[in-house]
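**Q** What Swiss-Prot records for this protein is below:
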type     : residues  : note
REGION   : 1-49      : region 'Disordered'
REGION   : 84-274    : region 'Serine protease'
ACT_SITE : HIS122    : active site, charge relay system
ACT_SITE : ASP153    : active site, charge relay system
ACT_SITE : SER235    : active site, charge relay system
DOMAIN   : 307-379   : domain 'PDZ 1'
DOMAIN   : 845-958   : domain 'PDZ 2'
REGION   : 997-1029  : region 'Disordered'
COMPBIAS : 1010-1022 : compositional bias 'Acidic residues'
Amino acid sequence: MNGPTSQRAKRKQGSASSLDDRPPKHQRALNGAKQQSTGDNTPEEDMYDQGLDDEDLLAQALLPSVGPDTVEWQATIQKVVSNVVSIRFCQTCSFDTDAALTSEATGFVVDAERGYILTNRHVVGSGPFWGYCIFDNHEEVDAYPVYRDPVHDFGILKFDPKAIKYMPVAALPLRPDLAKVGVEIRVVGNDAGEKLSILSGVISRLDRNAPEYGEGYSDFNTCYYQASAAASGGSSGSPVVNIDGFAVALQAGGRADGASTDYFLPLDRPLRALQCLQQGKPITRGDIQCQFLLKPFDECRRLGLAPEWEAQMRKAFPKETNLLVAEIILPEGPSSNKVEEGDVLLKVNEELITEFIRLDDILDSNVGKPVKLLLQRGGEDVEVEVDVGDLHSITPDRFVSVAGGSFHSLSYQQARLYGVACKGVYVCEATGSFRFETSDNGWILQTIDNKKVPDLETFIQVVKNIPDKARVVVTYKHLRDLHTLNTTIIYVDRHWSSKMKLAVRNDDTGLWDFTDLADALPPVPPVPRKASFIQLEHTSHPAVAELVRSFVHVTCTMPMKLDGFPKNRKWGMGLVIDAEKGLVVISRAIVPYDLCDISITIGESIVVEGKVVFLHPLQNYAIIQYDPKLVDAPVQSAKLSSEEITQGASTYFIGYNRIGRVVHTATTVTEIFAVAIPANSGAPRYRAVNVDAITVDTNLSGQCGSGVLVAPDGTVQALWLTYLGERSPSTHRDEEYHLGLATPTLLPVVKQIQQGIVPKLRMLSVEFRSIQMAQARIMGVSEEWIQQVSLANTSHHQLFMVTKRTFERDQDENSGALLEGDILLTLNDKLITRISELDIMYSHEFLGAVIVRETKELKLKLPTVAADDVETDHAVSFCGAIFHRPHQAVRQQISKLYSEVYVSARTRGSPSYQYGLAPTNFITHVNGKRTPDLKTFLAAVTAIPDNTYFRLKAVTFDSVPWVVTMKKNEHYFPTVEWIKDSSEDCGWRRVTYEGGKAMEGEPSEGVPAVEEEAGGAVDDDVPMAAVEK
């Protein structure tokens, strides 16, 4: 069913190797691929134990979670469990090493009076957090972060103790001094807030280096404890307690290779942070931008540790077997050119040092001051003075969102991971105008509009001065490959995302405060430009070669996902059908709806805006338009043939491949057939139905998503289009079919548009498929009709059967409409043996039909429905989900509409994602009140106070009713209404609802929304070398 698809926060580490403690920067991935360490590794946050079902939960229950076997342990556990809470949380947007996600974890109360809860830093996250805690008696309370450590894996949440009414709240004492090798411990955690998990183990190590989890957040410059406890998903942040009921460590991670090894964070630094909070003191954190590792004496000897120093260290610390060794020194940091990799640390401020805990103490107490380090380098003593920096100053606490992307200063975490200087502008959400290639993050900006952007302040000033709709050059590097400078051109969107917003962390409220930095500058008026076209060589038909002047490159960018469409950006080649009016025909797999920006490139030189003029409801093409006055180029109008192309006919194929290069060849039409594009069951989206498809005898046809079939005289006989199909369950990629569409079917529509008339098509609300005469005879078609079919269509002896009815609003079941299984014989006395003959329906309100139903021949008067009402013209964004009327693809696949409020998409890290409201759900009630349409739904949800629970009654696509309770969050996910309005420059206008009041325009708060379409598509639509060709 539609339960939450949250990820349980339990960090896992890969199997052991000889590189057990080496950071991944020392290993280079092959062919620039994403680094996968052969040693310690963990999936990114949004890959933790996704979508656990009942079997998964049972498997977790069967882990060795043995209960206490003594009276002492029973008493201890009974006392501890009341302090442990289950944390359900959202990291509401991508920030630093954390992706936007919804997850569950554990924490425990460490100050009952003030309401402090200790958990992991990878739970609290470095960015915006929104969550709540569930206590052992299932009382719930909101929680917000008051501290997250810049480096170590702990954070502190705050809650209101007065909100817990039905149980006493007690704190679990922190006793880091009681952690010893051989101590028996219990890891007490909550699994999904429902099942108590008590796992037993024995501490086996106190001196393990912090595990490396690969790309993403990792702890460092601390030791970890090790035990065998087999902790499971959701156990991050669990207290590790001894038999006396004291917390001796914090559960932080474990192995992912099946071993039951778990890693615990020592509590020395969490205890200090807690005491600072209790005393109202700042939590100072010092660092010299050098990562140390614990290395045993034998390895230190190989690095040059002198025997006399080893003797002195062993005498001073008889139980120690390790020393601190410099592993990574960041360029341009305090340690740069002073400390070198492989240096063995002996003293800090004349004090012998062997432990991370004491090193942290000294650095945290000397922020802004110099410290003296005594190092052994190749057997020689080296003494250096290093300035201690402020860790908080190199940990981002703000981000800027503009033009659909998000940016902040490069963090110490990222800099340490890749061994680079801790400076630069990091793209934490590479979306909107700043979508670079196929990776969503990891980019460091170098220049924008030929201006350097070394820091966030400079970035803000540069972007402020770029007008809306400008195209500017951007250079950038990826942290995994700083040797390569990438250059691209971006289209700056400051109309869909008009505000430049600064979000700053507020540790007093636990929220991130939003501020408007600048309004968008108006776009610069376009000016006419000249261009010429390439010459198509090696063709014997000059008229065919001239057709390159009829092709234009089209990029369609969608600010919001509607109608189940899986992408935010598509590109393809369009065919100019009227150069004087600037009309272009293109596949609806490229331009799916009109809430979009369209850029048209002519002659690989002139870039102009386009707009949607017409979207065909069935035949997979759209007609868009540009302003021809801006184009001074010999654009040629393609001549569309009025005669149907036939099977076996010779033709010329001109197509554009995946990188936008033209290819051409002489070929033959192999087949013309009524195509049945498979429906996408996971999330219905536009697909072509009731249309003939053409295939040709050339391998080039499968490589090209755009093109034409041309007669020798240059007449276009068919368009070559991309048809969006189903999603492959094995690869999670969207299937695309490349097929031809004969041009005669376009001519009536094109003629009306050329005359300035908006086509008002009508259609039969059914989907047909062809059947052969053997099937038709069995189903009751008479021999007389079969004979007429053989005479009417000598190339294909076929009739058409209704396979699916499209659900129409207010349609009477007994109105004479077609039913599944009906065989169509005639329409308006015309025998129908070709799919193109169905085009008669586009211009008639009623059609006289002869059909065969259940072996009986019937005459019907078939009503057609208006096709101009099938496109989405109204949408609502609420709690991170997109709602609109069920679009045509939904009605094609469903037999009953439960309401006019349909969930089309949702955003990761949002309330809709956390509480399990999934795409393809229908909303029928809000707090028990019927919401049959968007108007009543919007009125109901805007009346709900912020941060309060409400009930949604939903029905799944498979007709299963269920109820979801959600909590409203307007701060990060405001309610916005999108209304199609031709008077607006963009064709749509927005209404934002804040505190139940409506106001025009974009919301002043809210994180950048990156919608996830059902099924989790793999975005394989790689743009060309530049965003705009």
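Just so it is clear, glycine is given a Cβ too, placed from its N, Cα and C backbone atoms.
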**Q** Specify the count of other C-beta atoms within 10 Å of the C-beta of ASP153 (active site, charge relay system).
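**A** Summing over all protein chains shown, ASP153 (active site, charge relay system) has 32 other Cβ atoms within 10 Å.
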**Q** Tally every other Cβ atom lying within 10 Å of the Cβ atom of SER235 (active site, charge relay system).
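**A** The answer is 28.
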**Q** What is the interatomic distance between the Cα atoms of SER235 (active site, charge relay system) and ASP153 (active site, charge relay system), given in whole Å?
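**A** Counting only the Cα atoms, the answer is 14 Å.
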**Q** Write out how many residues of the domain 'PDZ 2' (845-958) are helix, how many strand and how many coil, based on DSSP.
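**A** Reading the DSSP string over the domain 'PDZ 2' (845-958) gives 22 helix, 47 strand, 45 coil.
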**Q** Tell me the Cβ neighbour count for HIS122 (active site, charge relay system), meaning other Cβ atoms within 10 Å of its Cβ, over all protein chains shown.
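**A** Summing over all protein chains shown, HIS122 (active site, charge relay system) has 31 other Cβ atoms within 10 Å.
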**Q** Under a three-state reduction of DSSP output, how is ASP153 (active site, charge relay system) classified: helix, strand, or coil?
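**A** Its secondary structure by DSSP: coil.
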**Q** Using DSSP, what's the helix, strand and coil tally for the domain 'PDZ 1' (307-379)?
**A** 19 helix, 23 strand, 31 coil
**Q** Determine, from DSSP, whether SER235 (active site, charge relay system) sits in helix, strand or coil.
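**A** The three-state answer is coil.
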